[in-house]
Number of protein chains: 2
Amino acid sequence: MTVSPSLISSDREAEFLADWAVHSRFGAIEGTNGVDRQAASAADGQQRKWFEELLVKHGFSVHRDAIGNQFGLLELVPGAPFVLTGSHMDSQPTAGRFDGAYGVMSSAHACFAVADELRADPSQAKFNLAVVNWFNEEGSRFKPSMMGSNVFTGKAELEAALTTRDAAGITVAEALDELGERGDFTVPEIASYAEIHVQQGRSMEEDGVAIGLVNATWAAHKYEFKVTGAQAHSGSTLMADRQDALLGAARLVVTARELVDDFEPGTLHTACGQLTVYPNSPVVVASEVSLLLDLRSPSAEVIAAAHEKLMATIAQVSDDDRVEIEIVAEHSWDQNPYSEDGVELARSVADDLGLTSAKVMTVAGHDSTNMKDEVPTVMLFVPSVDGVSHSLAEFTKDEDLVSGLHHLTEVVRRLAAGALA
Amino acid sequence: MTVSPSLISSDREAEFLADWAVHSRFGAIEGTNGVDRQAASAADGQQRKWFEELLVKHGFSVHRDAIGNQFGLLELVPGAPFVLTGSHMDSQPTAGRFDGAYGVMSSAHACFAVADELRADPSQAKFNLAVVNWFNEEGSRFKPSMMGSNVFTGKAELEAALTTRDAAGITVAEALDELGERGDFTVPEIASYAEIHVQQGRSMEEDGVAIGLVNATWAAHKYEFKVTGAQAHSGSTLMADRQDALLGAARLVVTARELVDDFEPGTLHTACGQLTVYPNSPVVVASEVSLLLDLRSPSAEVIAAAHEKLMATIAQVSDDDRVEIEIVAEHSWDQNPYSEDGVELARSVADDLGLTSAKVMTVAGHDSTNMKDEVPTVMLFVPSVDGVSHSLAEFTKDEDLVSGLHHLTEVVRRLAAGALA
């Protein structure tokens with residue numbers, strides 16, 4: 001995690017850290033180091049306006065596409081494709097300030113640096129430069145996650161995304177229009193994509209690695225369950241007569257945790273993050289519970305084995321507790337590799353800059369998970385203290401932020417010069 | 001469950017059933033036989049207006065007290081205390097149409113009948129007549145339940161009740177004022193109280209009993225737990241690093257059910273009806289879950305033993321899952337008897353009318369649970385098919401409704417003539 005003194009003392013680093021400090025105030029939660037800046041919230045809108053001004057100040061033109069992805073473009077080679085780099089500025093509720101946001105801000109500053117160099121010596125430029133702030137990567141307000149890059153890469157329908165409603169019944173289209181953040185821009189050809197993110201895990205910190213070379217996404221199987229029972233008086237109804245949807249759902253939550261112990265440590269992550277009870281009244285046995293449950297593993301075989309066990313438990317719970325358990329939606333993916341070329345480019349940049357690096361897998365999905373299927377892609381991590389993420393306690397040291405900025409700047413420089421083309 | 005033909009063919013029965021049918025339309029859920037008429041909702045307000053007109057049409061004066069209890073008074077013996085009878089018209093969300101509402105409507109019609117008799121022969125009257133529609137018995141929108149009778153009997157503070165907020169942040173005072181249902185009426189002296197309700201259990205139906213003579217409320221211990229963990233990424237965080245509040249809460253839900261099997265069948269009812277997750281986002285380990293958990297039993301010893309086991313499990317879950325489990329609020333009561341005199345009056349009325357009767361305990365609380373500590377009280381049940389309650393499927397046959405009306409009418413007649421005084 002050492003960075004050469006010459007790299008961390010420049011004006012650019014100071015400028016980056018100053019902009020980063022301002023940026024972190026949008027949606028900041030008083031008394032904490034975290035933010036609440038869910039997709040298309042007022043704070044998200046204010047930050048987008050500020051970010052537009054920053055991009056314009058550095059000579060970039062700013063545009064929004066039909067799903068509210070925000071692009072900053074700089075055309076130095078008329079008609080040439082663009083190197084695109086970015087991440088997302090939306091957050092979970094009560095989240096850390098680094099997740100996504102660091103990627104957008106370091107992408108912008110990487111492009112500012114490379115743009116200045118290319119303006120001075122246009123002969124170095126093969127491609128143009130673009131920064132992106134993807135809409136709704138988090139999926140907390142509007143499901144599913146990675147909405148902006150899903151639509152951009154054709155993995156989701158625009159119309160379906162725009163008509164998605166939040167818990168208050170507001171659609172994506174309405175929320176974006178309220179902020180003036182829905183546009184009709186058509187992005188020119190993209191040559192390559194780069195993204196940087198804080199690691200949502202602790203391996204880099206433990207191993208003393210400055211730059212994570214992301215080479216694959218874990219396999220996963222995600223489920224939305226609906227547990228249906230029968231509404232009844234929660235005091236007087238005989239226990240044997242009850243069909244308690246919350247009991248059935250609670251057994252799934254416990255099962256998800258217990259599944260983990262059937263496999264080698266670290267090979268299966270499971271979670272239930274969202275659970276909604278109806279009617280959720282003090283003296284009523286719940287008739288319906290919606291529940292999201294995820295299985296994640298580097299191994300598709302582990303996922304398949306865990307899936308079988310989960311299905312067997314569901315059958316048992318349905319019988320024992322006389323509730324119906326329905327899979328409303330599910331999607332799964334195998335271990336999903338990033339291209340070797342991109343990993344190799346990132347490794348050579350780290351070596352040339354004297355930064356320690358190592359291949360790491362990502363458990364979570366990123367917008368680059370979508371982009372890597374479209375264009376040559378580089379995905380990078382910087383360390384996160386204790387691997388904490390989606391939490392007010394998320395933290396990455398300035399020196400690691402700056403190392404990542406330098407690395408990403410060199411990656412963008414090489415991509416703009418034609419690397420991976 | 002036989003009713004003498006002379007009792008079920010009168011105009012009064014037809015009038016009652018007609019009014020009952022109109023009454024059941026307020027807050028009716030299309031396509032079901034049930035209602036959604038939570039306290040101080042628009043539907044509750046409309047029904048209160050209609051009920052006022054009904055009372056006024058029968059010569060009663062209508063008043064509201066400071067917590068929105070609605071009273072209909074008929075003074076036949078100037079200055080004498082009142083026989084009060086009633087129940088509540090608010091409902092759970094997606095509830096049956098009988099719970100509470102049947103008690104208010106049969107109380108009104110019982111008073112109408114007795115009033116006509118006493119007007120014809122005032123010498124029979126020792127006391128005056130009053131009908132009550134208690135505010136917010138259900139406690140689903142504004143906690144706790146039995147709010148109106150709690151305040152009326154001094155078991156809760158008026159100011160605390162009025163400032164209680166629903167999930168949308170609306171106070172009781174605001175909701176009542178919106179409907180014009182908050183008044184300043186001071187109720188005159190009450191001589192005695194009577195209430196009738198559908199049984200929330202199946203014993204009367206199974207035993208062929210027309211009138212339940214309620215002689216006690218089950219003992220109970222109710223808890224509000226707050227489970228505190230730590231927000232984290234639900235995909236990437238190592239399982240061993242997680243402090244999952246939803247997992248801890250789910251273990252409590254399962255524990256509540258499993259506790260039941262440690263005791264004789266039917267001696268312990270447990271429930272978790274309400275559970276709220278924060279931040280309740282698809283990819284975030286929950287940091288906080290609020291959970292209501294109830295233990296109910298006819299035996300205080302069973303409650304005490306179940307409480308001990310629950311506390312031991314909580315200590316274990318706190319340790320195993322590294323979450324904090326705090327009791328935010330709890331209240332408990334021993335088996336709570338109704339007065340023998342009231343039960344005996346109700347039994348003799350049943351005998352005289354040729355209605356089968358039996359002593360039954362109530363698992364759920366009722367407004368009479370409050371009133372019985374203040375004045376001589378009679379609490380009655382009529383059967384409910386399969387004991388279903390707090391459900392759209394709740395149902396009581398017309399012949400049972402009418403039997404109950406006849407019984408309550410005779411109880412009110414005797415109370416007005418001085419019984420239990």
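Each residue, glycine too, has its Cβ placed from N, Cα and C.
Because the structure is a prediction, the values reported are computed rather than measured.
When B:H88, B:H221 are compared with the Zn(2+) 1 site residues B:D99, B:H197 in TrEMBL, the one appearing in that site is B:H88. In TrEMBL, the Zn(2+) 2 site is described by B:D99, B:E138, and among B:H366, B:H390, B:H406 the residue recorded at this site is B:H390. If you take the C-beta of B:E138 (Zn(2+) 2 binding site) and look for same-chain residues 6 or more apart in sequence within under 8 angstroms, you find B:Q38, B:A39, B:H88, B:D90, B:S91, B:Q92, B:A95, B:G100, B:S145. For the recorded site, B:H390 (Zn(2+) 2 binding site), the DSSP three-state label reads coil.
Those binding-site residues from B:H88, B:H197, B:H390 lying by chain A, with Cβ under 8 Å from one of its Cβ atoms, are B:H390. Around B:H390 (Zn(2+) 2 binding site), the same-chain residues six or more apart in sequence whose CB sits under 8 Å from its CB are B:Q92, B:A95, B:G96, B:D99, B:Q200, listed in sequence order.
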